[in-house]
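Report on one structure; see the data block that follows.
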Amino acid sequence: MQFLAWFNMLLLLPCFSTTKTCFPGCHCEVESFGLFDSFSLTKVDCSGIGSHIVPVPIPLDTSYLDLSSNKLETINESMLTGPGYTTLVSLDLSYNNIAKISSTTFSRLRYLESLDLSHNSLEVLPEDCFSSSPLGDIDLSNNKLLDIALDVFASKGQGKPLNVDLSNNMLSKITRNHEKSIPNIQNLNLSGNRLTSVPNLQGIPLRYLNLDGNPLAKIEKGDFKGLKGLIHLSLSGLHDFRELSPYSFKELPALQVLDLSNNPNLRSLTAEVIFGLNSIQELNLSGTGVSSLPKTVLKYLPSLKSITLRKNIQCFKTIKEGQYHRQIGLTKLGLGAEELLWCKTPCPRPVCRCRDKPLQSAPQNLPTP
């Protein structure tokens, strides 16, 4: 049995061989698998050569093709057709000047799992442009998209879990046709856009959502309705952000990580605001105006493990066991008879000195309402 397990492991181990003959200017690397190199795939790097490169002939067993930084202005189906393209698993078209794609551009890439179109000039995404491929990762960051219908990411089949990066575009509107199939998006990055309100994402099986750096002034009750599976929400650095309405996060029972950092105009966090966050483990309030917490914070956040306050002051939940003594560098938040939050205050001296000699002044208590 041990020999069989060892043999099977060897079959799975990749073995990198030397480069092979490739199109002039490109670099081809063969990745072999199996004990006797019985299976191989080729990675083709044709980046930075120039727009004349397409269409480029590639080996039959090509799995990865890099066409980035070639000043490409157009890309169509005919450029991605031919021997070798049918086996593509990953395609990199980043850092070009692509302004337009059609609904059939990627239609023949039946095995494509990763597509990078970041740092281009795309303004519109046509319907069904990604539906023919079993994509798991789509990077559309740093384009010029103004609005988008999330149906464009729906697969004709069941669809595998999908990561979509739409950061640093010009998006002010996110829509979805509820009569069409639900895109299986689990990770969605909308940071650095022009969203003035939380888009309606109801029904999408999101687990990670990033809205950092948008001009959101407030978060209201019901903004996250229908996102019961969300476990990570980032709302950092929102322009002019001032208010969290009561029960803003009530619809997020599975949320484990909430990042509200770098919102200096956020001054308070009431019990009504954090109500319903029964699964939250990490709460980041660094760089905000929040300097106090409700005394009942642990009652409303039963799963909490740590909170970060002010300038990276980290607080950790501990259980009080009998008598205890004040620890150097720690501040107590009195938040219940048995459960306490101990906060590590930044050391005013180099770490080595703090270890050699206790601090002269006791840390101040963080105020509680």
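Using the three backbone atoms N, Cα and C, a Cβ is placed for every residue, glycine included.
Features of the protein shown, as given by Swiss-Prot:
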- 1-19: signal peptide (SIGNAL)
- 20-60: domain 'LRRNT' (DOMAIN)
- 61-81: repeat 'LRR 1' (REPEAT)
- N76: N-linked glycosylation site (CARBOHYD)
- 87-108: repeat 'LRR 2' (REPEAT)
- 111-132: repeat 'LRR 3' (REPEAT)
- 134-155: repeat 'LRR 4' (REPEAT)
- 161-181: repeat 'LRR 5' (REPEAT)
- 184-205: repeat 'LRR 6' (REPEAT)
- N189: N-linked glycosylation site (CARBOHYD)
- 206-226: repeat 'LRR 7' (REPEAT)
- 229-248: repeat 'LRR 8' (REPEAT)
- 254-276: repeat 'LRR 9' (REPEAT)
- 279-300: repeat 'LRR 10' (REPEAT)
- N284: N-linked glycosylation site (CARBOHYD)
- 303-323: repeat 'LRR 11' (REPEAT)
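For the recorded site, N76 (N-linked glycosylation site), the DSSP three-state label reads coil. In the shown protein chains, 21 other C-beta atoms lie within 10 A of the C-beta of N189 (N-linked glycosylation site).
Of all the glycosylation sites listed here (N76, N284), it is N76 whose C-beta has the fewest other C-beta atoms within 10 angstroms.
DSSP states for the domain 'LRRNT' (20-60), grouped as helix (H, G, I), strand (E, B) and coil, give 3 helix, 14 strand, 24 coil.
Taking the repeat 'LRR 5' (161-181) as a whole, pLDDT averages 93 in the prediction. Calculated from their C-alpha atoms, the gap between N76 (N-linked glycosylation site) and N189 (N-linked glycosylation site) amounts to 26 Å.
In this structure the C-alpha atoms belonging to N189 (N-linked glycosylation site) and N284 (N-linked glycosylation site) are separated by 18 Å. Here the repeat 'LRR 4' (134-155) is broken down by DSSP into helix, strand and coil counts: 4 helix, 6 strand, 12 coil. Under the DSSP three-state reduction, N284 (N-linked glycosylation site) is assigned to strand.
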